[in-house]
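According to TrEMBL, the protein carries these features:
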TRANSMEM  41-65  transmembrane segment
TRANSMEM  85-113  transmembrane segment
TRANSMEM  125-143  transmembrane segment
TRANSMEM  163-183  transmembrane segment
TRANSMEM  192-212  transmembrane segment
DOMAIN    227-481  domain 'GP-PDE'
TRANSMEM  493-514  transmembrane segment
Amino acid sequence: MADPPGCCHPCATCLLCLYSCQWITAKKENRKGLRTTKCDCSWFLFLFCVFLFTLVWLYFAIIILNDFHNFNEFIFKQRKLWLDWSLVLLIATAVLITYSAVLLVLALCLQLCGQPLKLHWLHKTLLILTALVVAAAFTGLGIKWAEEWRSARISLQATGPFLHIGIVGGMTLLAWPLASFIYRTRNTGLKVFLLLIYCTVMIALYLAPLGITSPCIMEENQLPPKPALVGHRGAPMLAPENTLMSLRKAVDCDVQVFETDVMVSADGVPFLMHDEELTRTTNVQAVFPERAALNSTAFNWTDLQQLDAGSWFLERRPFPTVQRLSAGDRYQATKQRIPSLEQVLEAAKQSNISIMFDLRPENHSDYQSFVNATLEVILQSGIPLQQVLWLPDGFREQVKQQAPGVQQVYGRKRLQNEKEPLLHVNLPYQDMSSEEIRQYRQDNISVNLYVVNQPWLFSVLWCAGVSSVTTNACQVLKEMKHPMWLLPSSTYLMIWIVVDCASFLAILWAFLLLKKCSQRRRPAESETDVLLTKINSLMQE
């Protein structure tokens, strides 16, 4: 295999050293016996597959960031250890994808320079470990967090058109090393096999837009109104969750509904708290260390008022936004206490904001008394009942009778034989397709989906026509005046055709150019071989 003209020997030597982890001079006479074997080709194929594998995992890692706060809470519940595990995930993924990408680039450059692909055993071991780590990550995701597979499918509605362009571009660039290899190798069967595989993949990619669907492929005048914002426990990126400060920050973000969770103390006072234990969002371990593991409902209201419900927010920094809080907000956070439902209803009434809540824990033996205590506070608060959105399913008929003005929100889809029509549904965003959202909208059913934090997801749901979304990032979604992208179908068709045609021409050019270079090298190689044969014959004589 001859070296291509213009190939810089020092550069090729450096590439060989990095890829093979040993000093191999790139000059042909100094690397006799070093040829790319079938085993080396197999390792190159394995490297390429590992790169694609880690690339897919990187995509998943970016997608699941929308829901990663739930994972942080889950780990804290299990281990009592708070850490932003999303940083660990992204750093580890970046290391894996960078390593495999660098090796792949080295291999492609070596192929273009006509050098042997002798992958060192250390790189082989690390590649196997990379594949095992990513496989374990996918397995864990499938077992413990299966709903994220549905999140990935939804994400393709936001990224599909752009992924198509990127993959076509990447496969087009791959035509150069592929053409170089085909024109260098003398194995006809291998040539035909590689060309068939490559052509099949490219044809599939060229036709892929036929299967790409997105609600954001529409005309501008068809775009539904922007979904209303529901503050998930208020504005938890700007203030401690489920506090009066969080409610005020949510109001500043133009949130229309304050979503929260209500529990009832041992002496019958409804208060705001999400977790069954107080350890994550209060200093209960310092104030009542012997009772810290008890259920939140085991404390009376006097005890609950002694707890600090804000300092944890500054200490643990559940979101990166905590670092950017002003000195005034930091001071205000340290003064937060667990609010009662009565206090929150009064604040909601003054701010003209609705409140939607779950009543926890649903399996408590005194749950009916919790419902009665909560209804009593609502009716005595003076808040207009249409501003109260009732989520709990338990004793719903009793609530309808005692407070008929309260809006009933259901955590399920409508049934075929529904006795009375649903007006409001509250579901995870993974549970409703774009078609279902459009159908519910046509039937005047308000759909709220949770928890939506990333702009790409908000854009997809906006285009689909969802009524509202529950979010942690109200300050981000508030600033969005338009979906991240919106393409008329005619424009997308034009982009599709242009990208495919440009890719086809670039591939054709790569093969023709490298074929011409290969033909120029052959006469020179033949003359050199004849001359060497004559010299060898003379020496033997």
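Including glycine, each Cβ sits where the backbone N, Cα and C put it.
Between the transmembrane segment (85-113) and the transmembrane segment (493-514), fewer than three CB pairs separated by 6 or more residues in sequence fall under 8 Å, so the two stretches do not touch. Against the transmembrane segment (493-514), stretch 163-183 has more CB pairs under 8 A than any other of 41-65, 125-143, 163-183, 192-212.
Across 41-65, 125-143, 163-183, the stretch most heavily in contact with the transmembrane segment (192-212), judged by Cβ pairs under 8 Å, is 163-183. Same-chain residues lying 6 or more positions outside the transmembrane segment (125-143) and placing a CB less than 8 Å from one of its CB atoms are 46-47, 49-50, 53-54, 57, 60, 64, 92, 96, 99-100, 103, 149.
Within the model, the domain 'GP-PDE' (227-481) carries an average pLDDT of 96.
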